[in-house]
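The structure under discussion appears below in the form of structure tokens.
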Amino acid sequence: MPHVVYKFGGTNLATAENIQTVCDIICADKPNFVVVSAIAGMTDLLDRFCSVSLEERPRLLQEFKDKHEQIIKELGIPFSLLSWMSRLTRYLQQPWLSALDSASILALGEDLSASLVHTVCHIRGLALGFLEARSIILTDDHYNCATPDVIRMQKKWHHLRLYQECYITQGFIGASRSGDTTLLGRGGSDYTAALIAEMCGAYEVRIYTDVNGIYTMDPKIIEDAQQIPELSFEEMKNLATFGAKVLYPPMLAPCIRAGIPIFVTSTFDPIKGGTWIYAMDKTIRDEPCVKALSLRQHQSFCSIDYSLLGHRGLDEVLRILESYEILPELMTAQGNVVTFIIDDALISKEAQEHLVAVLSSFSLIRLYHDLALVTMIGDGLSSPKVVSTITEKLYNLPWPILCCCQSQMSLSFVVSAELAEDIVQQFHNDYVKQNILVV
């Protein structure tokens, strides 16, 4: 029998009222599998718990406890936090936390939210089973950003005995071969839903958020951004990779492998529909067209001239970048000069400066901070005429453009972070708002 997987994000669970709305949907639809994130803000709080001094940890523990106690009180359900909080109290006096410790701490948010939703649904009379994520999401031992072992998961799923119609599980969480808690990376609850959908052969993954699907640009930045009815997997992959935060990029891989469509909609206003994401058997349009925009702030731009090392210079540069666990994006090479961008969210500016010191021993390197990446997503954006048309317009405007990179479906610009939103607004007005062709 075909299955469906629902996933509810943290903002869907931020209040007792929101949780009741989520449970309304679950009890009405009875989806085969429900995946939930932690209550909004709790993973960030637990992350801070791991990084602050011992003196500050009790305050964060109390804040975490107070938030959940308030929700439990408003839900009016019998639910004790005692055993849950003991998982944090054991770390109050532990000066150094290992990667495994951090993973165990951060997992508490999803463990608790799944248990809360399960309890509410059970009280309402829904026979909702609890499927422990650590028993089905099997990974390697990179505790805080683990890679799923799909082959092991398929074998485990084949022997799984599921006797109930509807199950809930924790997002974000997995387990290593030794049974230790692992995490799929921030935003990993989407990934959990997609992996379960692949394992069970689901006909749909439904992602419930606080917005009505995917928009032509973040509505918080562009007030008149428009809802997009449908996107191809490739278009969504580009949007997610280049800054759109509605979906966690790795979640697309299981859905692409299994050909499972994704529907993104709002928990609170589902009547307005949403966005379908699926494999589209379509021909690229003859005329270049911009379908959506994305913006990624907090970027750095690096230019390296490795002439002194000759033909082996690029290999040496890449080796050093790999040693810093830096994956250069939008890399271009011309002559003995290579340029790329670095996402500051993935590597601190201090680490970047240390990298500059190492590379400066054999190359001329320039590193620019306080930048943003603006990307157009659409069709036919790799043609020289398109690139020329857009860059010419940009160079006539009062803001500098550091670099431009393109593919058939995307065109990216590195610009000043301060001016990025103005540029996005200009692009949206010129190319997206009226669905105007680029040339």
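The backbone N, Cα and C atoms fix where each Cβ goes, glycine too.
Automatic prediction, not curation, is the source of TrEMBL annotations.
Annotated features in TrEMBL:
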BINDING   Lys7, Phe8, Gly9, Gly10, Thr209, Asp210, Tyr215, Lys245, Val246  ATP binding site
BINDING   Thr43, Glu110  substrate binding site
DOMAIN    4-266  domain 'Aspartate/glutamate/uridylate kinase'
Field: Residue among binding-site residues Gly9, Thr209, Tyr215, Val246 with Cα closest to the Cα of Thr43 (substrate binding site)
entry: Gly9
- request: Look up Glu110 (substrate binding site) in the DSSP assignment and report helix, strand or coil.
  value: helix
Proximal but sequence-remote residues of the same chain as Lys7 (ATP binding site) (Cβ under 8 Å, at least 6 apart): Val34, Val35, Val36, Ser37, Gly171, Ser189, Asp190, Thr192, Ala193, Val205, Arg206, Ile207, Tyr208
Field: Same chain, 6+ residues apart, C-beta under 8 Å of the C-beta of Glu110 (substrate binding site), given in sequence order
entry: Val36, Ser37, Ala38, Ala133, Gln170, Gly171, Phe172, Ile173, Ser189
- prompt: Any idea of the Cα spread of the ATP site, Lys7, Phe8, Gly9, Gly10, Thr209, Asp210, Tyr215, Lys245, Val246, as a max distance in Å?
  reply: 20
Query: Name the residues of the same chain, 6+ apart in sequence, whose Cβ is under 8 Å from the Cβ of Thr209 (ATP binding site)?
result: Gly9, Thr11, Asn12, Val246, Val264, Thr265, Ser266, Thr267
Field: Rounded mean pLDDT for the residues that make up the domain 'Aspartate/glutamate/uridylate kinase' (4-266)
entry: 96
Query: Long-range same-chain neighbours of Tyr215 (ATP binding site), Cβ under 8 Å, sequence gap at least 6?
result: Ile222, Ala225, Gln226, Gln227, Ile228, Ala292
